Amino acid sequence: MNYFPWLTLIVVLPISAGSLIFFLPHRGNKVIRWYTIFICMLELLLTTYVFCYHFQLDDPLIQLVEDYKWINFFDFDWRLGIDGLSIGPILLTGFITTLATLAAWPVTRDSRLFHFLMLAMYSGQIGSFSSRDLLLFFIMWELELIPVYLLLSMWGGKKRLYSATKFILYTAGGSIFLLLGVLGIGLYGSNEPTLNFETSANQSYPVALEIIFYIGFFIAFAVKSPIIPLHTWLPDTHGEAHYSTCMLLAGILLKMGAYGLVRINMELLPHAHSIFSPWLVVVGTMQIIYAASTSSGQRNLKKRIAYSSVSHMGFIIIGIGSITDTGLNGAILQIISHGFLGAALFFLAGTSYDRIRLIYLDEMGGIAIPMPKIFTMFSILSMASLALPGMSGFVAELIVFFGIITSQKFLLMPKILITFVMAIGMILTPIYSLSMSRQMFYGYKLFNAPNSYFFDSGPRELFVLISIFLPVIGIGIYPDFVLSLSVDKVEAILSNFFYR
């Protein structure tokens, strides 16, 4: 047993070190940038160290548990712990946040506040992935929301205030349902409130009540990992935000919703989940088709990538709804894979916008000649996004396919229909992503412009892109990297579903 409070250190370090930014000397932005990157790197190394040396892979139970009394009055503890489900997203958070601070190098306006908000967001994300207490989960979920709102409303495009307001209305509306669900589960069935994950997981509820809880939590998580029809904040937000914020949004924020679905809706409410899972699969297939076909109609480059990430989230929802270990493992793999790919694509869109100052696809063209490196990386990563074999997206979508085919929950005809519709979605993906590349990079439009001299990407940008590209290839060739973390935990979750 390890008694050092590793997880508390990991959760508290970014925000407490970030608040020291305001006391740094006024010597331009260089000090602030390097300090922030140093904190992110330190945090990432610390997390990796803890997970390498203090985490047993073959143990599906919760590990590194910390439990400190916080508010005695209603049994509210600072309770942290990780298992195979949360270790992947936490490492992804560290990785993407470090790269996003590196991507935010050009930000010079109010850079202290900007970097502090990045670090505060980091703490909130790791806290919500590792909390083992429902109320603490809710608090971390909300803590993560405020920095995002400020990052959206202060740095970004012309309509950034509109999109930030839309974002906060959607997510705060979802959080009301989350709070109601947390309090309902905590106060049910005993005189003393229990907010502990472990006791709530062993608690049994009347079916009607469980369905109500399930719907409440589902609305909250459906806003966050946008499930249609609650996805409309996402394209606006991505269209206006600064691209380092976009990396955090696409890479981590969307994954919090999917993580919540698995962590709360599947673990705590298995009966209701078995009732709703066919509907989840139906919504997921509709989402793949709808978002892919909407994406090909977008003029705005960032909105097109945003719709593509809505479409990719459909696979995660299908995997969660299939209630098989294959499907759920595929969903977790897709969470990690799309975290890398979404961040990389938004970073590419942002860097090319920095150079040519155009965001509409029909005004671009011919960028491939002056910027070959950006063109190469964009081609490779959009191929990975359309699930090219050998890349991480392919493995994840394939495993989700197998999960839905081997599911005991569905009869043969629905399986054939769902698989067919998913295949159509996979055909629509190359249509929008390849036409995006064609409109941006081929042709002669910009090349004939008078000021047609553009810089290609520098070493910093190439470093960000290559360090995202390596895990994408690595997971694609050897998916057991990610699967070995979650496979025991997935079996433990699915053992609750007694009808299997």
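The backbone N, Cα and C atoms fix where each Cβ goes, glycine too.
In Swiss-Prot this protein carries:
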TRANSMEM  4-24  transmembrane segment
TRANSMEM  37-57  transmembrane segment
TRANSMEM  87-107  transmembrane segment
TRANSMEM  113-130  transmembrane segment
TRANSMEM  134-154  transmembrane segment
TRANSMEM  167-187  transmembrane segment
TRANSMEM  242-262  transmembrane segment
TRANSMEM  272-292  transmembrane segment
TRANSMEM  305-325  transmembrane segment
TRANSMEM  330-350  transmembrane segment
TRANSMEM  386-406  transmembrane segment
TRANSMEM  462-482  transmembrane segment
I need to check the long-range neighbours of the transmembrane segment (305-325): which residues 6 or more away from its ends have a CB within less than 8 Å of a CB in the stretch? 225-228, 231, 234-235, 237-239, 250, 254, 258, 261-262, 266, 273-274, 276-281, 283-288, 290-292, 294-295, 298, 331-332, 334-335, 338, 341-342, 345-346, 349, 385, 393, 396-397, 399-400, 403-404, 406-409, 418, 422, 425, 428-429, 432-433, 436, 487, 490-491, 494, 497, 500
Among 37-57, 87-107, 272-292, the most Cβ pairs under 8 Å with the transmembrane segment (462-482) come from 87-107
Which one of these stretches, 37-57, 134-154, 242-262, 272-292, has the most C-beta pairs shorter than 8 Å to the transmembrane segment (87-107)? 242-262
